[in-house]
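From TrEMBL, for reference:
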type     : residues : note
TRANSMEM : 201-229  : transmembrane segment
TRANSMEM : 241-259  : transmembrane segment
TRANSMEM : 266-289  : transmembrane segment
TRANSMEM : 309-328  : transmembrane segment
TRANSMEM : 349-371  : transmembrane segment
TRANSMEM : 391-420  : transmembrane segment
TRANSMEM : 441-461  : transmembrane segment
TRANSMEM : 467-489  : transmembrane segment
TRANSMEM : 501-524  : transmembrane segment
TRANSMEM : 530-552  : transmembrane segment
Amino acid sequence: MAREPSTCTHSSMDIQIQNDNLVMTSIQQNEIASSSDSLNDPPPSFAESQMQKYLEQNTTGIHRIQIPEASEVPIDEKTLKTTSTPSRTPNLSNSWEFAGWGSRKTYLINDLQINYPDPSKSNHVLLGQWRATSISGNDLVASVLYTIGICTTVSGKFAPLSLLIVSIIIYPFKGIMSEVGTALPLNGGAYNCLLNTSSKWFAAIAAAISLLDYVATAVVSAATASSYLSGTLNLSDSVTFWLTIGVIVLFAGIVALGLRESSTVAFVIFIFHCLTLTLLMIACLIQWIKQGNSVLIENWKDSGSGNPLLDIFNGICLGLLGITGFEASNNYIEDQKPGVFPKTMRNMWVLVVIFNAPISFLSTAIMPLSTFKVHQNDIISTLGDYAAGNWLKIFVTVDAVIVLGAGVLTAFVGVSGLIYRMACDHILPQFLRNRNRFTKTYHWIILSFLIFCITLFVIVSGNITSLSGMFVVAFLSDLCMFAIGNIFLKYKRGRLYRPIRVSSGIAVLGLACILVALIGNIILDPSIAGYFAIYFGVLFTIMMIMMNRVWFLKTIFYYLDKTVTLHKYGLDAVIIRLIQNLKQQPVVFFTKTDELHILNKAILYVKNSESTGYLKLIHIYERDEDIPSRLEDNHRVLDELYPKIQIDLILIQGEFNPKTVDYISNHFGIPKSLMFISCPGSEFPYKIGEFGGVRTIML
């Protein structure tokens, strides 16, 4: 094996040492001693010797393949990588599959700051504790309007106990979701957590479930609000149908005006509804004192199904609908001030404890159980009639219409954050990321979701039974995804900083409770599983197509190659152009090491998860001696190892911090959602959320 000569700075002499055909010439005298010492070291393994030979071949130019330097060859004239492997499309050229050779470039951080604003200076207004609580809290407290009726219908006198147990079951999720949100404070909820801790396709499952949850929230809330109003005004079915569509359009317009404005509307509605429920509880308590315990005693004489445990369990299964909205705050967490999110989770749990079980108990104290079966869909307004007469019934009806409309608002606000995040990750089309220049809202997201909700409502002809069943399964499945994401977070990203942690046992217990409730709901009405499977299948199929667009186009190209008669139409050029457009978006992996297995693991993640043919390995260093010694050599090895991916090595002198990542994103035109890093440790001075969407892909 020939080793390159080195020159001594003070003096040089020619020394020839012959040992088993190893020749060394022009070596520093002090290296002779070190080389003689190395003879006493154990010999390298076969794999090590072969890798050393391969690296020397690439660095000395002995290897046949000549890799052009980026400084010598323009980017559009680079020599493409080649392979001797036979093509699967012998009739059509597959040269377009191969990428150009990667390059090595060096920058100073000052070079990236020219003409770019300071990212730390932002005019984005963040939400405080109560405004943030009100957006998801409206959906949460509105669920009382329909939960108590259906829960009491199946569990009878045990409904208050069932709802109390529900508040206990949901308590662990206050910590589970707070840990997820503080560790990864980015919009997307369970989807974002699983995207950073598992595979992209598994995260897409959580995304599809969350989207179904929001669709059901918007449509069911709007339809229920219209039904309350229709029952009071005796409106026809056709008027109620169009009224539902009008409610959806109204709140879509409110969200389109801007989040700050919509949060103001939500806050006012939230305060009004909480005051209404408080007034209702006071009126019920007064009425209970007036009439005594006769109704309560009579209700407790009812035997129900004859199996108290079964009644309680069924009440728990349906009573979990009373906490819908508990998961919504995660999807606009980036719009909340630092430290606010855990407070919103605490506030919402307190709301569940204050209103759900107490109102259920007071209702059984002044109303016979037979009334619940007759007025299941408008039980709260009926309760107002029993408590204080017609005036309170009307007052509660008006409140119900308003707060159920606010549930539509919650759906639009939450889904905007979720869909934007999915578009950034290339699971959904990129046009959804466009902002309105006046209101700064994502108008295409709002419009798309509005059309989807209206279309779905029209398809079912205003019958929300199927959507209600899907609502149950989607919500409980979303909670399951949060628990699974929390478990993955502990195992795969345990080094991430978060101020709130729950034990693995709590996460597993929460998951088990929700799974049991999910199974219980399906047993109560097996048809809801079918409805959910249909809607979920449609959404998940769309996402899989978006994530595997390159694969589908390559499959079409393969069969086009076999159909020679179609070659004259130039369809191959169209497909190639589409594929190249999809693969031209570069992605970034920030590396602080030169270890081959880590670099290779990052490339494999990109290869399996992203539709790109362009990867930039970026190493940020403060001093020249901080650059890992084998980084450049290993970069050239990996660039040749993956002929269909162009792998560039970029060295940037500066400090790795959120501002630097912003400058890099602006300079190279790469969104931060397509920038990846290894999981930072506890000594890392920044929180992962400060990097604005940079994805962690390995421990």
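Glycine residues also receive a Cβ, built from the backbone N, Cα and C atoms like all the rest.
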Look over the recorded stretches 349-371, 441-461, 501-524, 530-552 and say which has the most C-beta pairs under 8 A to the transmembrane segment (241-259).
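Between the candidates 349-371, 441-461, 501-524, 530-552, the best contact partner of the transmembrane segment (241-259) is 441-461.
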If we call contact 3 or more Cβ pairs under 8 Å (sequence gap 6 or more), are the transmembrane segment (391-420) and the transmembrane segment (530-552) touching?
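Per Cβ check, the transmembrane segment (391-420) does not touch the transmembrane segment (530-552).
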Could you name the stretch, out of 266-289, 349-371, 441-461, 501-524, 530-552, with the greatest number of CB pairs under 8 A to the transmembrane segment (467-489)?
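Going through each listed stretch, the top one turns out to be 501-524.
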Mind checking which residues of the chain, 6+ beyond the ends of the transmembrane segment (266-289), have their Cβ under 8 Å from one of its Cβ atoms?
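The answer is 130-131, 133-135, 137-138, 141-142, 144, 296, 351, 355, 358-359, 362-363, 365-366, 380, 383-384, 386-388, 392, 395-396, 399, 402-403, 405-406, 409-410, 413.
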Among the recorded stretches 309-328, 349-371, 441-461, 530-552, which has the greatest number of Cβ pairs closer than 8 Å to the transmembrane segment (201-229)?
530-552
Short question: which residues 6 or more past the ends of the transmembrane segment (441-461) have a Cβ under 8 Å from it?
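214-215, 218-219, 222-223, 244-245, 248-249, 252, 255-259, 411-412, 415-416, 419-420, 423, 431-435, 467.
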